[in-house]
Amino acid sequence: MSKSLSWDTLDYTLQPWIRTAVDAMGYETMTPVQASTIPLFARNKDVVVESVTGSGKTVAFVIPVLERVIQDDANSSKLKKGHFHTIIISPTRELASQIQGVIEAFLTYYPDGEYPIKSQLLIGSNTSSVRDDVAAFLEHRPQILVGTPGRLLDFLKMPNIKTSSCGAAILDEADKLLDMNFEKDVETILKMLPKQRRTGLFSATVSSAGTQVFKTGMRNPVKVSVKTSNKAPSSLDINYIVIEPRMKLQLLLTLLNNYRYKKCIVYLPTCIAVTYFYSILQHLAKLNKMDENLKLYSLHGKLLTNSRMKTLDRFTQELGKAVLLTTDVAARGIDIPDIDLVLQMDPPIDADIFLHRCGRAGRANRAGRAIVFLNQGREEDYIPFLQVKNVEAKELDTVAIKPIEGLPEIIRAWILEDRARFDHSLKVYVAFLRYYSKHTASSIFRLQTLDYIGIAEMHGLIRLPGTPEIQRYLSKDAIPEDGWLVSPPIDLDSFAYADPQREKARKLAKKEAKDVKDNNKLKSEMRKNNEAWSKKTVTKENKLQRKEKMALKRKAIEEKLIENSDDSDNEVETDWKDIVRQRKKKKTNSGMQGDFGDL
């Protein structure tokens, strides 16, 4: 690494227009990772770069890419139609768009009259197809492609696209690209490229990819690792707050309303949680329970691409105090300069994501703070777990919660206005349990020790759902009667949807279900009656059969006796009276036998 971080100390001369761009964009000096990476990658070295979030990794590969395009004469007409020079792969559309923005910012300083350097963004969207992308590529002939794995792979498979001129491949957030979600697509893309290309892997946690890096086809790579005792940048304070689950929303509102910040990102565990809590915060704002100067935005992975990009742009350009509720779709690489506060309602499933979340604040040596909420109990072991990964977090015990009076009642009253909100609350709760069960640190985040009632109260639930987790891990004594968390229970039959069409459909479905139930009941009764009649018939038939069998048996015995009897004419008919008299006489004679001499 160069002893000085001045741009003038690079051991080769930057293109004059790039040097002008660097000064104009406010990069007064290089960061350590830029000073180490730019000379290596610009001079035909494969690199594996690991550095803390916000350390300038994007510029560290954009400058060498632009330098290489010029060095390889790819900015001339020698680059054939259908060919390209560099491919940059990113795990998310937002990050790909941001990289494209950095490249375009540099290219605004490219001298007029030169053969233009161009880049093209390739991400899935609802407004353009792969064929549209191919048509634009063939028309504008860009040298640099920036995109997400799925769309890039579809693009490269098109017959008009040729990969033989590709001289460089960049994997930004490489550890994410090499995990099971993207691994297959990324490997396929890299196999389609020339083996002699240069490859660069960049991430704050690239070491977590392990042996996967060898699947990228690098040749004698140089590892650039900016060593620090703490993986977080020095300008970023990472804190945690231990709290009862039921008080988490009150804590969030206290920080949003009272903490000094310009822009804040709130990370929630699931997409459905983002929409749910965004609606709650909007409702509280209407009731003047939120800072009146606060603007709320929401972003998650299930939104259409255009909607996501517009939301991110509006949040970035917002001049006042603003909060973005989001999922991990905005955890990696997103660089919004004014973010100085990051709040995590729950730790992420993967500990590596924790650092990426925190790194949205404190970028480019600007002061920032990241706070994670931990449930009381076993979750407190998460802090020593982070220390093993060189992430230091300090407890923030100076925050005094300023509770909004009657908040649980406000949320429940809001839910009771519309059955759809009731359904939504149950789905959010169930989704959270699924999320919690997938934590990689399963010895810390255990369903057996979760405060199910407290979590339900934080979500504003009116009734506990009958999930397997609750049935398995919550004692029967702890489960309220029929799961109701309010008293008295509400009448679900009369609980209506605010949307007339949806309510009409519910009533129709209810009537159809009742008709089916009544019909099934009638069928059951008829079946029972039919079974009773048939059983009687069978019993009667069985008796008749037994009688017939007995009669036949008796007849057979009588016939056999007749056959065995003596029918001769000499047979003497016996008089039963004579037999009786003879027996009596015999008895008398037997009593008088003997001689007087025997006495």
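Using the three backbone atoms N, Cα and C, a Cβ is placed for every residue, glycine included.
The motif 'DEAD box' annotation in Swiss-Prot falls on one of the ranges 172-175, 220-223, 448-451, 580-583, namely 172-175.
Listed in chain order, the residues near the ATP site other than S51, V52, T53, G54, S55, G56, K57, T58 are T31, V33, A60, A204, P233, G359, R363, each with its Cβ within 8 Å of the site Cβ centroid. Helix, strand and coil residue tallies for the motif 'Q motif' (7-35), in that order: 16 helix, 0 strand, 13 coil [DSSP]. Of all Cβ atoms in the protein chains displayed, 23 besides its own lie within 10 Å of the Cβ of G54 (ATP binding site). Counting Cβ atoms from all protein chains shown, G56 (ATP binding site) has 19 others lying within 10 Å of its own Cβ. Assigned with DSSP, the residues of the motif 'DEAD box' (172-175) fall into helix, strand and coil as follows: 2 helix, 1 strand, 1 coil.
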